[in-house]
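According to TrEMBL, the features are:
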type     : residues                              : note
SIGNAL   : 1-30                                  : signal peptide
BINDING  : Asp69, His182, Thr184, Glu340         : Mg(2+) binding site
BINDING  : Asp69, Asp345, Asp386, His387, His469 : Zn(2+) 2 binding site
ACT_SITE : Ser119                                : active site, phosphoserine intermediate
BINDING  : His349                                : Zn(2+) 1 binding site
REGION   : 433-454                               : region 'Disordered'
Amino acid sequence: MMVRRPATRSSSITPPPLLLLLLLFAHTCGQSLESSRQWWDLARTELAAALNVRDNWNVAKNVILFLGDGMGITASTAARIYKGQKKGMHGEEGYLEWERFPNCALIKTYNVDRQVPDSAATATAFLCGVKVNYETIGVDPLVSFGDCEASKNPQSHLTSILQWAQEANKSTGLVTSTRITHATPAASYSHVANRRWECDSQPGEEGHGCPDIAQQLVTHSPGKNIKVVLGGGRQALGATLGIPDESSCQRTDNRDLTREWLDAKLAAGHRARYITSANELRSINHDHVDYLMGLFADGHIPYVSDQAASSSNSPSLAEMATAAVKQLSKDDNGFFLMVEGGRIDHAYHNNQPQKALEETLAFDSAVASVLKDIDLDETLVIVTADHSHVLTINGYPKRGNDILGLADVSDVDGLPFTTLMFTNGPGFNITTTDGGHNVTRGDPSEYPLSNPEHKSQTAVPMKAFKETHGGEDVALYAA
């Protein structure tokens with residue numbers, strides 16, 4: 001990924017102006033902000049805060065990278081409004097946690113061979129610093145998709161910031177709401193020609209002889225040296241606890257890699273814990289643990305909107321992130337931690353904006369929780385996305401209109417349309433007549449728009465491939 005037009009140099013947040021901003025925001029966010037005086041006061045305070053930011057030229061002891069998978073600028077805007085509306089406000093005037101950071105940039109997301117990227121290649125770009133081919137992980141552009149033989153060449157293996165941190169004698173950690181072997185976390189520790197080679201049954205004949213991602217996490221460097229691993233994905237490691245997850249790969253080599261991981265750590269004299277529930281995570285005494293692996297689902301961790309209904313015992317992203325910080329902060333040399341809100345992306349692929357917005361607010365809460373536990377004088381915090389989605393905020397809805405609601409009525413078919421829509425995906429709802437020559441879209445007012453399962457309408461129908469990513473730049477925020 002290539003960074004464009006940074007707003008300032010690396011800086012630390014200066015508390016007084018930001019506190020003033022927050023106080024002003026708290027005073028005005030419940031009002032209409034219609035008077036000229038209020039707007040001028042807000043502008044002066046914003047300018048004072050910007051002018052009071054001071055550059056911090058020290059080398060960061062710690063680096064925390066927050067990655068909102070699929071959290072493009074449109075998705076962030078929608079989440080900002082949704083956050084405010086859940087608090088009874090209009091919503092547009094609010095802020096997500098990272099929107100108060102003093103530095104901002106735009107990032108190009110294309111892959112070497114694609115205008116619109118996937119998460120494997122983008123993760124390789126922002127973690128390893130090299131743009132690569134679509135759906136490849138941790139290998140240079142000389143390795144094409146599915147080329148097992150080429151991927152085994154050590155000369156084509158890329159090193160990640162996680163490995164660089166370990167080489168600098170820092171502790172490292174990964175936190176994700178997806179499988180720990182999924183594309184984004186995998187790019188920090190694995191080298192594969194196909195992102196789907198998460199366990200031994202996936203590569204097939206094409207990838208025969210290439211180690212799967214789960215194996216690389218447990219037995220290869222730098223994966224085996226990661227101090228904190230928290231997320232989903234038990235099944236790919238051969239440690240399923242329940243009904244097999246049909247969307248996850250199933251090991252066929254009878255290996256339980258979680259047991260191998262734990263045995264190896266204990267044999268080396270380390271204090272290690274492997275846990276599978278939120279209750280276990282909450283009871284951890286970090287002073288008595290050196291290595292921590294927590295896998296809280298056979299596949300991905302359930303959506304926030306689904307966890308109550310599914311009786312999930314999965315911790316929140318905020319709980320996992322703060323636990324990781326507590327564990328890693330014991331290292332006097334510092335640490336690198338990546339925290340991924342990975343299910344934002346999955347909900348948008350399904351054209352389900354309510355689920356995606358709830359996942360984004362869970363990501364926002366994780367950022368807020370971690371900021372309370374760290375010292376920004378010695379910690380670099382980055383919040384960004386790997387790509388966007390084909391989501392749009394459209395129409396001319398009134399100020400404070402429900403972001404999940406109706407925007408206006410079409411002057412062509414006379415039917416209402418929603419504020420949030422997609423250019424493609426499975427949310428299409430059409431009726432054809434006259435042998436398919438005339439097409440009529442469904443009436444969105446007949447559907448429960450705020451229901452997590454509702455799929456927003458799309459312009460182009462897609463089934464097997466769901467909704468696609470978007471190719472525009474994404475934003476990066478840093479403090």
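Here, residue 1 is simply the first one shown, and the rest follow in order.
The backbone N, Cα and C atoms fix where each Cβ goes, and this holds for glycine too.
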TODO: Starting from the Cα of His182 (Mg(2+) binding site), work out which of the binding-site residues (Asp345, His349, Asp386, His387, His469) are within 10 Å.
DONE: none
TODO: Taking helix as H, G and I and strand as E and B in DSSP, count the residues of the region 'Disordered' (433-454) in helix, strand and coil.
DONE: 6 helix, 5 strand, 11 coil
Open item on the list: My understanding is the cutoff is Cβ-Cβ under 8 Å with a sequence separation of 6 or more in the same chain; which residues meet that for His387 (Zn(2+) 2 binding site)?
Closed with: Gly70, Gly72, Thr109, Val116, Pro117, Asp118, Ser119, Thr122, His469, Gly470, Gly471, Val474
Task: Cα within 10 Å of Asp69 (Mg(2+) binding site) - qualifying binding-site residues among Asp345, His349, Asp386 - done: Asp345, Asp386
Task: Listed binding-site residues among Asp345, His349, Asp386 whose Cα sits within 10 Å of Thr184 (Mg(2+) binding site) - done: Asp386
Open item on the list: As a test of the contact definition, list every same-chain residue at least 6 positions from the residue listed as 'Zn(2+) 1 binding site' whose Cβ is closer than 8 Å to its Cβ.
Closed with: Gly70, His389, Gly425, Lys466, Glu467
TODO: Taking the recorded Mg(2+) site as Asp69, His182, Thr184, Glu340, identify the other residues of that chain whose CB atom sits within 8 Å of the mean position of the site's CB atoms, giving them in sequence order.
DONE: Leu67, Ser119, Ala123, Thr176, Ser177, Thr178, Ala183, Pro185, Gly341, Gly342, Asp345, Asp386
Open item on the list: If you count other C-beta atoms within 10 angstroms, which of the binding-site residues Glu340, Asp345 is the most crowded?
Closed with: Glu340
TODO: Would you mind ranking the binding-site residues His182, His469 by how many other Cβ atoms sit within 10 Å of each Cβ and giving me the lowest?
DONE: His469
TODO: Give the distance between the Cα atoms of Asp386 (Zn(2+) 2 binding site) and Glu340 (Mg(2+) binding site), rounded to the nearest whole Å.
DONE: 10
Open item on the list: Give me the count of other Cβ atoms within 10 A of the Cβ belonging to Asp69 (Mg(2+) binding site).
Closed with: 26
